């Protein structure tokens, strides 16, 4: 039984091997004509340059924090080493995602000349490289450190490193991509009246670069972090019930191993048998991964735990995933009521479009909240939480681990989106035939849905995983502190501080996008005004200027969100005590979850309302409704691609800070 744990790092290595195999097969595909290669090279150079500058900045911060951990904490050397390993692994996950995306995009565009089948294969397998790399690195790192240290508490540093880099990646990438996107749309579509991805737009390359550094690299680092901290939370809680269930720490690692093999097999399920069935092909892959994982979970549970109730908990986790996907698709799909309502409201102007979009976003929080609440209760009580609260909390953690059984496929779906988006942009800028653009538009339309759906999944898994992390924090501090009571003014003060943190964080992120977009808009206007021949297509815009503007803005403004995530919980714990920090975590998890849902779903609904009008409905392109929808989309962009997704990372970073520094916080506070 002891040797079984080596299955986990082995599974991680196998996942990385298949990621390399798929990457190699993609690179063998044709990259198109000279013009396509030039455009793709510009996107690749911009993406690579930004990532390198971002990682240099993050490296300095990581070294400083690792030194603080080294000198402040017991076993500081091991925890600091784990922190650096987590930071490097998270950065690697993001870089791999970006690297394959900027190579798969042009090959997808080239393959589109032969129809959707081959183009889908290249785009999805490009996404699968990121997905398999993310879960492979996460499981390899977590299990290897546990084997090396023999204590789950010492692996917390790895989770903190992953969380912090994810926050920087989400914040920086989100600011970059949406500043470029908003700037390109406001001047290009509204003022100049030129279509999306038009080579005459000076911000078009920055916009395409942003798809890679924001969506691919950002989501890769985000779900890497989620995978690590959720597995770690289950292991930490499992160590508390090891007297009853001797394999409670090993169990989540084995579930993760089985899910990797299910994901690898399911990649081969994704193929288009008939034209127009792209979404069905993608969901077939996710469904295959889910079914194979559950079959494996059944046998693993019987072998390791000897208690079928834990299998039912994994089923509950998978059901939560399915329901979150369904709800998110409903609120962001062009064929459903919320998006159609926003599109109709656009006919009377931007104001009614904004009002309808906000309404849809607020409404979209109801069902997910009920789903997560039901999942928590079912997972807790089904394993006997009423009799043994420790086992009940472990059940919640296992449900969140089960949610991540589809993480490899979910990351693949998310990364598929920017690959097809870039492919469409390359086809447009290279003036490829209309038939090619039709194929890339079809793939991109599906990609917009998958990006929205995966955000809903990420939020749900964050909420459930954060509860498990909170339970571990509470266990650590309650050993030497009074019980945490909601009628305590100290706890209530902490709840208020935690509740306001997501709003403060979002304000910082939205402000950063607004300032950077302002500079991009002015630069694009300057080029249209001062460079003759751009609109006629006889002069080439200075693409590098816009890339440089958003790069500087992203690197400058990503520091403050990270600072807030680390310093506020530490100050709360040190000055108000561990009970106040517990309240802060409670307020943060609840409000952060709701606000992230509202922003992601509302932003996705605004985006697809615009695309619905561009499909020819409610006036079509160039109409007043279209202009209003573009305004709504530019408001929704930083909602769904900057502030909303970054809230996931904020929630996990703050929880990891609380757990990691809990030995210093115990006994602290002036109240």
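Glycine is no exception: its Cβ is also placed from the backbone N, Cα and C atoms.
Note that the coordinates shown come from a computational prediction; the quantities given were computed from them, not determined experimentally.
Annotated substrate binding site per Swiss-Prot: 178, 640, in sequence order, evidence recorded as similarity to another entry. Around residue 640 (substrate binding site), the same-chain residues six or more apart in sequence whose CB sits under 8 Å from its CB are 452, 455, 599, 600, 601, 602, 603, 604, 606, 607, listed in sequence order.
Taking Cβ-Cβ distances under 8 Å and a sequence separation of 6 or more, the neighbours of residue 185 (Mg(2+) 1 binding site) in its chain are 196, 630, 633, 634. The Mg(2+) 1 binding site annotation in Swiss-Prot covers 181, 185.
Cβ contacts within 10 Å of residue 211 (Mg(2+) 2 binding site), excluding its own Cβ and spanning all protein chains shown: 30. Taken from Swiss-Prot, the feature Mg(2+) 2 binding site applies to 208, 211, 421.
The Ca(2+) binding site annotation in Swiss-Prot covers 607, 633, 637. Within 10 Å of the Cβ of residue 633 (Ca(2+) binding site) there are 26 other Cβ atoms, across all protein chains. For the recorded site, residue 633 (Ca(2+) binding site), the DSSP three-state label reads helix.
Taken from Swiss-Prot, the feature site 'Important for ion transport' covers 170 (among others), and the record attributes it to similarity to another entry. Listed in sequence order, 218, 221, 222, 645, 646, 648, 649 are the same-chain residues at least 6 apart in sequence whose CB falls under 8 Å from the CB of residue 170 (site 'Important for ion transport'). In the three-state DSSP assignment, the secondary structure recorded for residue 170 (site 'Important for ion transport') is helix.
Taken from Swiss-Prot, the feature site 'Important for ion transport' covers 215 (among others). Within 10 Å of the Cβ of residue 215 (site 'Important for ion transport') there are 30 other Cβ atoms, across all protein chains. A helical conformation is recorded for residue 215 (site 'Important for ion transport') in the three-state DSSP classification.
Its Cβ taken as reference, residue 222 (site 'Important for ion transport') is surrounded by 32 other Cβ atoms within 10 Å in the chains shown. The feature site 'Important for ion transport' is assigned by Swiss-Prot to 222 (among others).
Among the features that Swiss-Prot reports, site 'Important for potassium independence' is placed at 451, with the record citing similarity to another entry. The local packing around residue 451 (site 'Important for potassium independence'), expressed as other Cβ atoms within 10 Å of its Cβ over all shown chains, amounts to 26.
DSSP assigns residue 641 (site 'Important for ion transport') to a helical segment in the three-state reduction. The feature site 'Important for ion transport' is assigned by Swiss-Prot to 641 (among others), with similarity to another entry given as support.
Residue 652 (site 'Important for ion transport') falls within a helix when secondary structure is assigned with DSSP. Using a 10 Å Cβ-Cβ cutoff, residue 652 (site 'Important for ion transport') registers 31 neighbours. Feature annotation from Swiss-Prot assigns site 'Important for ion transport' to 652 (among others).
Positions annotated as transmembrane segment by Swiss-Prot: 57-77 (among others).
Annotation comment: Swiss-Prot describes 128-148 (among others) as transmembrane segment, evidence class sequence analysis.
According to Swiss-Prot, the feature transmembrane segment maps to 156-176 (among others).
For 223-243 (among others), the entry in Swiss-Prot reads transmembrane segment, with the evidence type sequence analysis.
Summarising the annotation, Swiss-Prot assigns transmembrane segment to 249-269 (among others) and lists sequence analysis as the type of evidence.
For 285-305 (among others), the entry in Swiss-Prot reads transmembrane segment, with the evidence type sequence analysis. Counting residues 6+ beyond its ends, the transmembrane segment (285-305) has Cβ neighbours under 8 Å at 124, 245, 247-248, 250-251, 254-255, 258-259, 261-263, 265-267, 269-270, 311, 314-315, 318, 321-322, 402, 405-406, 408-410, 412-413 in the same chain.
Of all the binding-site residues listed here (208, 211, 637), 637 has the Cα closest to the Cα of residue 178 (substrate binding site). For residue 181 (Mg(2+) 1 binding site), the same-chain residues lying six or more positions away in sequence with a CB closer than 8 A to its CB are 207, 210, 634, 637, 641. Taking the Cβ of residue 637 (Ca(2+) binding site) as centre and 10 Å as the limit, one finds 23 other Cβ atoms among all the protein chains shown.
Residue 652 (site 'Important for ion transport') has 215 as its nearest neighbour among the recorded positions 211, 215, 421, 451, going by CA to CA distance. Scored by C-beta pairs under 8 angstroms, the transmembrane segment (365-385) has its highest count with 579-599, from the stretches 223-243, 579-599, 650-670. Within 8 Å of the Cβ centroid of the Mg(2+) 2 site, not counting the listed residues 208, 211, 421, the chain contributes 43, 105, 207, 209, 210, 212, 215, 418, 422, 425. Long-range contacts of the transmembrane segment (249-269) within the same chain, counting only residues at least 6 positions beyond its ends with a Cβ under 8 Å from a Cβ of the stretch, are 1, 4-5, 7-8, 10-12, 14-15, 18, 22, 124-125, 128, 131-132, 135-136, 138-139, 142-143, 146, 152, 227, 231, 234-235, 238-239, 242, 284-286, 288-290, 292-293, 296-297, 300-301, 304-305, 310, 314, 397-398, 401-402, 404-409, 412. When the recorded positions 208, 211, 215, 421 are screened for a Cα within 10 A of the Cα of residue 451 (site 'Important for potassium independence'), the ones that qualify are 215.
Within the same chain, the transmembrane segment (156-176) packs against the transmembrane segment (650-670): three or more Cβ pairs sit under 8 Å, each pair at least 6 residues apart.
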